[in-house]
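Okay, structure first, notes after.
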Amino acid sequence: MAAVRENVSLLFKLYCLTVMTLVAAAYTVALRYTRTTNTERYFSTTAVCITEVVKLFLSVGLLAKETGSLGRFKTSLSENVFGSPKELMKLSVPSLVYAVQNNMAFLALSNLDAAVYQVTYQLKIPCTALCTVLMLNRTLSKLQWISVFMLCGGVTLVQWKPAQATKVVVEQNPLLGFGAIAIAVLCSGFAGVYFEKVLKSSDTSLWVRNIQMYLSGIVVTLVGVYLSDGAEIKEKGFFYGYTHYVWFVIFLASVGGLYTSVVVKYTDNIMKGFSAAAAIVLSTIASVTLFGLQITLTFTLGTILVCVSIYLYGLPRQDTTSIQQGETASKERIIGTRGEGQPLKVLQNSE
């Protein structure tokens, strides 16, 4: 995996950063807009289901491009997808969790302003950190743990005196919105680390893994559609309330989902940190313009703390320890002469 990262050009990384930032900011604002206008409200469960379908077709197309020929494409599908029910079951776990997360995002943005949602949702970072430690047996540096607590402080400030949007006239329940974010955060942390573990535990194509996950996701979300809104959908129709803005949200969610999987494979934490911080700034500016968001001092301070903590959390640990490599090597030689190898193992696991 490290070799793959070395072959990725800086231009490609900048491209990923730019697209991720724009998609994250646009998705949050667009989704907020579709849930707060006075038009007939669509069923969010159907939007999540259609997003899975779109991502599946995109992944199939990208796999076809990657294989390069129809024969290899058919072989890859038959061997890795249709001929691997065990792998499909394995990927059904993140599918289910992501389905819950996406529905919680719709619920949260129906009751919270886009900027408040964007900042508060960054609690997924400490949750992801905890899942990484527990599931991948990694360790975090002191600076990363400090940034985690700094993030929690920033989110607390954001919620202390929430910014208010004067142009939104629909009924909202902030408590319900924050509860939905809490569930989405837990789902994001677990599903992201689980998918990373599956992706990096074998040489299977990224697009094959995506197809496996999205096939399960379609089944899971269809069940959710009819358990949650089945009666109303039979009465009003599957696409009730859909406008071109809703389709735009689905498009952004689909592209964002694919880029998330690309980022897991090719990029690093520092890029994701800059992307998340930039998306917060952009969505806040958009909320001021579109929804009349009134920025308070505590909200501003909280947003700054969140952005700084994201940056600190993403700082590469290799750079901070490279000065001590000579000293560490000499210590390892001394330890080796005594026949003790455990400290070396600890150093390896912490990278």
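Any Cβ shown, glycine's included, is placed from N, Cα and C.
Annotated features, as they stand in TrEMBL:
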TRANSMEM  12-30  transmembrane segment
TRANSMEM  42-64  transmembrane segment
TRANSMEM  143-160  transmembrane segment
TRANSMEM  175-195  transmembrane segment
TRANSMEM  207-227  transmembrane segment
TRANSMEM  239-262  transmembrane segment
TRANSMEM  274-291  transmembrane segment
TRANSMEM  297-315  transmembrane segment
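Among the listed stretches 12-30, 143-160, 175-195, 207-227, 297-315, the one sharing the most Cβ pairs under 8 Å with the transmembrane segment (239-262) is 12-30. The list of residues near the transmembrane segment (207-227) in space but at least 6 beyond its ends in sequence, with Cβ under 8 angstroms from a Cβ of it, reads 43, 45-46, 48-49, 52-53, 55-56, 59-60, 62-63, 66, 76-77, 80-81, 84, 87-92, 94-96, 98-99, 103, 195, 198-199, 233, 238, 258, 261.
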